[in-house]
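Chemist: Sequence annotations record features per position, and here TrEMBL assigns transmembrane segment to C:7-28, C:48-74, C:86-107, C:127-145, C:157-180, C:186-207, C:214-235.
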Amino acid sequence: MKDSDKILATLKHVSLALEKRQILQDISITLEAGKVLTIIGPNGAGKSTLLRILLGLQKPDAGEVTRKPGLRIGYVPQSISIESTLPLTVARFVALGGKGNVKEVLAELRIAHLAKSAIQSISGGEFQRVLLARAIMRKPDLLVLDEPAQGVDVMGQGELYDRISTLRQRYGFGVIMVSHDLHLVMEKTDQVICLNQHICCHGVPDDVSRHPEYKRLFGDMPDSGLAVYTHNHDHAHDLQGNVVHSKDCDHG
Amino acid sequence: MKDSDKILATLKHVSLALEKRQILQDISITLEAGKVLTIIGPNGAGKSTLLRILLGLQKPDAGEVTRKPGLRIGYVPQSISIESTLPLTVARFVALGGKGNVKEVLAELRIAHLAKSAIQSISGGEFQRVLLARAIMRKPDLLVLDEPAQGVDVMGQGELYDRISTLRQRYGFGVIMVSHDLHLVMEKTDQVICLNQHICCHGVPDDVSRHPEYKRLFGDMPDSGLAVYTHNHDHAHDLQGNVVHSKDCDHG
Amino acid sequence: MDEFIIRAMIAGSLVAAVAGLLGVFVVWRRMAFFGDTLSHSALLGVAIGMLLNIGFMVGVVASTLLVGIILFLFQRQQRVSNDALLGILAHSGLSLGLIALSFVQTQNVNVEEWLFGDVLSVTWDDVTWIALTLVLVVGVMAWLWRPLLTLTVDEELARVEGVNAGLVNLVFVGLVALLVATAMQVVGALLITALLIIPASAARSFAKTPEQMALFAAVIGVVSVFIGITASLLLDTPAGPSIVFSSAMLFFMSQITRVLKAA
Amino acid sequence: MDEFIIRAMIAGSLVAAVAGLLGVFVVWRRMAFFGDTLSHSALLGVAIGMLLNIGFMVGVVASTLLVGIILFLFQRQQRVSNDALLGILAHSGLSLGLIALSFVQTQNVNVEEWLFGDVLSVTWDDVTWIALTLVLVVGVMAWLWRPLLTLTVDEELARVEGVNAGLVNLVFVGLVALLVATAMQVVGALLITALLIIPASAARSFAKTPEQMALFAAVIGVVSVFIGITASLLLDTPAGPSIVFSSAMLFFMSQITRVLKAA
Amino acid sequence: EEKPLIVSTIRPIQAIVVAITGDNVETKQLIPDFASPHQYSLKPSEIRLLNKADLVIRIDDHLETFLEKSMRSLDLEKLVTLSTVKGLTLLSANHDHNDHEEAEHDEDAHEKESSHEDEHHHDEDHEQLKAEDTDYHLWLSPSNAVLIAANIRDRIIAIDPSNKESYESNTQQLIDSISETDKAIIETLAPIKEMPFLVMHDAWQYFTNHYGLNQLDSITLQERLKPSAKALSKARQTITDSNVRCIVTELGFKLKTLRVLTEDIDVNTTEIDPMGRQIKLSKQAYPALLDYTAKQLVECLTHTTTKK
Ligand SMILES: Nc1ncnc2c1ncn2[C@@H]1O[C@H](COP(=O)(O)OP(=O)(O)OP(=O)(O)O)[C@@H](O)[C@H]1O
Ligand SMILES: Nc1ncnc2c1ncn2[C@@H]1O[C@H](COP(=O)(O)OP(=O)(O)OP(=O)(O)O)[C@@H](O)[C@H]1O
Ligand SMILES: [Mg+2]
Ligand SMILES: [Mg+2]
Ligand SMILES: [Zn+2]
């Protein structure tokens, strides 16, 4: 496989303003098969908007978006609501995503018992798993996840990130993900981007979490009782492993 | 203040089945002014449903719900969606909750800059803060929070729980809260209920987290990289401090 | 200027202003066809009134109230959406009316009278009557505004915060029914339904707050009335349709403005 | 039995079955008044056809397509909800039609002909024509079903998953317009709109899947046609309204069943 | 000096008015021929016409329903409601042709009457005929027409006494012409007097009643409503059983129903316009309307059917 074959999608110098407010500024990213890219950043940083631009759901004001032709995408949006007059079971909802073994995928995500429940009646965390099931069942080339573990219970969160990690290794798809679960994210991620309107810093997790901008954005979190998990990895920082800092990241 | 004056609301032996499935079974809880009660439990455990019953939004099949007459409630639901043809700023949305200083409350939750944004255009985490702002601005006697920190960024989560804690001390309102952020929750909570259709165990945080049923539900979480935070508290377990275990909690 | 023109302008403006006020809620709550539903089922009222020999008006008022109540009851259980519910009520009311009429052996029932009305033939009595109704509607709305808005934003949140959802919904449906029933007989169902939704939808593009939207809707409605009647005067076109059409033009212009602004 | 009864039953059942199939989407997408909108704006088509002297049918088809296209364009930008949009189109079309008609000084145009139609005067030619249109509609729906359903559940998800939202929406609007335009001339707008939404809403209470809901809607529609025509035969009531009313009765029975089941 | 302006609502009235006034008066027909008298929105120019008119002549507020409102702000003095003309034959719309009710208005009754009251009052010795039950196609009876002409003449003379003689002689000419036509029609219709026929919409009972024709139950009474399946079935039965030769329908009215009604049955159909819109306006227009109606009927009833 050539290197260029591995590239699933790129954003080049993308900018967007909505209602006269700058939301995103000069963002460039590259997504590769088999890699997990995580976007972290405070609320309102533009993370979801960035994903929507990548997916073609929102047009940027400037910049270029390219997706590999025929790219299969599995998408878990941050929130959707479903018309109540539509009788739709969870299994059917998942099946609408494309061809695939629905039963297997529901079982894998521990929601097999919900297969026949109405999609409108399931709980928030259950719905999140269902969305992920639909995305995974499509056997995507690229998985786009907007806070996939939102509302998922503690056990489920760990499992969920584990599963994404395993599946990625098995099928070799690329992942781009927004998440606030730093401790879980850092462990399973190849590259991290701190976003706050522009890219504040990016690199491999270890380097990023030691970066001053990162600390400025997320603090040392001394009183929140949360220590960022640092895993012992032994791979070399070959791919853009250098941590880059561009501008001042203190917004709003 | 008499003891009975401090009781804001009670549920007694509440049960509910929806579409022939048992959702809640024989739940009794008591909410007191100035206390924080946290409900934890896996997805689909019935946590949101329990809150809705408490609020009178859903009728239980059996059991008794009492609320103190004239009780002011601030409610943060797990999710709502707002009609797009309605021109409504964030400030106005908050103001609809009741009388109070909107500006102050927005500033307190660090969303002052959003005051004039359209409520439909703000990001997921921003919306969560807005909901909380509306609930708090009401100066409630009881705050009912369904995963209030959902989608809120890491800094924000800590802040948010801190703020709830501070406000509770200042105004003396009661709080009932659903949360998956065990590490944060355990620190600020007076009492914890593990729910999985019925109450599996309840008590003060420390005791609960050492309880075998708790471990069964949430595991020891060895590989998720998350250690449950145990804070050093020095108060006595006077109020129902004993940990009770009723039935087998391993469901579906 | 002819007196009938002045009367038409006054009656039209009054109706348009109040329709703007209520119309924004009609749009937000996706009840765009409420007016149509009421006018369709008014036929049932006419038929019943004739069958029971109690006169038109009693029948129309009764059927309007009936529709309001059924709507209110069904809204509480959310399996059927507002628009489908209105459609069902409109068509079952209309068909039942037609069936009932087939038993009233008379030639002189005018199904379309309700639809077209005639703003140019408004009398001073009508104007007074409209003005009185509208004062009532505006008065109640002043009191209802805040709880109704809270309810429209999110019903469950509103209920938790102490809004009496049942009462507020019922009063609102009653107000719209009152407006439609009053105005229908004077200016026609076509005009009143159109004035409920078209100015409100046009106002959406400019409004930043709910109150602004209501105000703009009222203004756009009144402007449409003036343009429409003037056009009718100059071009000798039927007045009601001219008013509706000018409000529609204002709507399309507002949409174009918005698109241009966005680009 | 008289032949016209048989024809009415066949034509009615065909329309009802296909209306059930499309009707579920109409309900899910909150386009309950689509049929009404088309029939109201058909008047514009009639007027244009007369003004330009190109005949009714051309005008009606043109106005129907026009409404379909405007609807399609506006749906893409979500500032105006489906029901308000339909209301605006219905009323501006109707009023423009009335204005245009006021310039046509030729012939008595019967506005209500479109509304009420007459299922009893269907000819064998009509039946053939309906059958052909409906075969076309069903054929296209078979191909459209899955992407359309995906789109109806959530548009953005569908687009990411490769559904061509624009095309699917356009084809769907076209199909409904085709059904309404065809059936309107034969059985009347009242009947076709009612058959689109009432059976579909009634079916909601029993269906567990989208396909079931469409099937039940078709069955309920066909049953309504049979009950309605039989009632017209026995009780001397007008046929179209009787069909609509029996479907409404089935709807209300379905709601009662649901409430009883829940209790 | 301007001529007086007389506005009549529909074509048949206009025909009578034109015959009476000649050139002495400006006349206008309010409702265009293409529109239905039941559903019409007045344009500003038409309201001005109404306001300007010295005399406004209509049938009844239950026929020209849309007018009722505009009339309210009108000077009642100048409004002529023909249904209240003394001595007029009024028939019930809800009738059985074999024993139809008749009602006549007498003096007291319409003195009490004001135009915007819903009910007409009748003396006790007359059977009550409610306004909404009345069939208002009353101009199709020649004897009604004569009374109407006389009434209109008097009202015109009241506003324009200067041309009294002219009006009187014109009216006499019209009345004479009506009676002549009447006699001729009686002869024309004699051979078909007993032949049964059906009407799609009961607009001709004044005519058939006057000439004693054998009009069977109308198929549908209401212009706006479709007949039920039962009614259609029954009508088809009647056509075959009573050997009906002709079905009469209004111009362009419910042709599809007519087609269903007559398929595989040997029966003629004809279209007659009760308003006589295709007859050129002239002094002879009203008698021509009667003549036309009679000829259409005869044609329809005597022609051998063209169908297989
Ligand atoms: N249509 C819009 N019009 C105006 N502002 C918008 C619009 N959509 C989003 N925004 C603003 O853009 C900013 C970025 O939104 P976005 O949803 O991308 O944030 P996010 O990084 O995903 O935040 P979160 O972590 O809360 O989900 C927010 O401040 C939001 O208010
Ligand atoms: N209307 C309904 N009909 C049928 N089942 C329902 C209905 N509402 C909720 N449920 C089911 O009840 C269970 C409890 O739902 P609830 O929303 O209370 O869960 P939860 O504990 O809040 O979960 P989460 O952590 O995911 O928010 C879920 O399994 C859900 O599928
Ligand atoms: Mg986001
Ligand atoms: Mg929940
Ligand atoms: Zn007539």
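Cβ coordinates are placed from backbone N, Cα and C, and glycine is handled just like the others.
Nobody curates TrEMBL annotations by hand; they come from automatic prediction.
Since the structure is predicted, the reported quantities are computational estimates derived from the model, not experimental observations.
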Chemist: Could you check whether the transmembrane segment (C:157-180) packs against the transmembrane segment (C:214-235) - three or more CB pairs closer than 8 Å, residues at least 6 apart in sequence?
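Modeler: The answer is no, given that the two segments have fewer than 3 Cβ pairs within the 8 Å cut-off.
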Chemist: Report, as numbers and ranges, every residue of the chain located at least six residues beyond the transmembrane segment (C:86-107) whose Cβ falls under 8 Å of a Cβ in that stretch; write 'none' if there are none.
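Modeler: Here the qualifying positions are 31, 33-34, 36-37, 40-48, 50-51, 63, 67, 70-71, 80.
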Chemist: Can you say which of C:7-28, C:48-74, C:127-145, C:214-235 has the most Cβ pairs under 8 Å with the transmembrane segment (C:186-207)?
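Modeler: Answer, by Cβ pair count: C:7-28.
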Chemist: Other than its close neighbours in sequence, what residues sit by the transmembrane segment (C:48-74), given a CB gap under 8 Å and a spacing of at least six beyond its ends?
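Modeler: Distal contacts: 34, 37-38, 41-42, 80, 85-86, 89, 93, 100-101, 103-104, 106, 109, 166, 169-170, 173-174, 176-177, 180-181, 185.
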Chemist: Excluding the flanking five residues on each side, which residues at least 6 beyond the ends of the transmembrane segment (C:7-28) place their CB within less than 8 Å of a CB in that stretch?
Modeler: 34, 119-120, 122-124, 126-127, 130-131, 134, 137-138, 141, 148, 152, 172, 175-176, 179, 183, 186-187, 191-192, 195-197, 199-201, 203-204, 210, 213-222, 224-226, 228-229, 239, 243
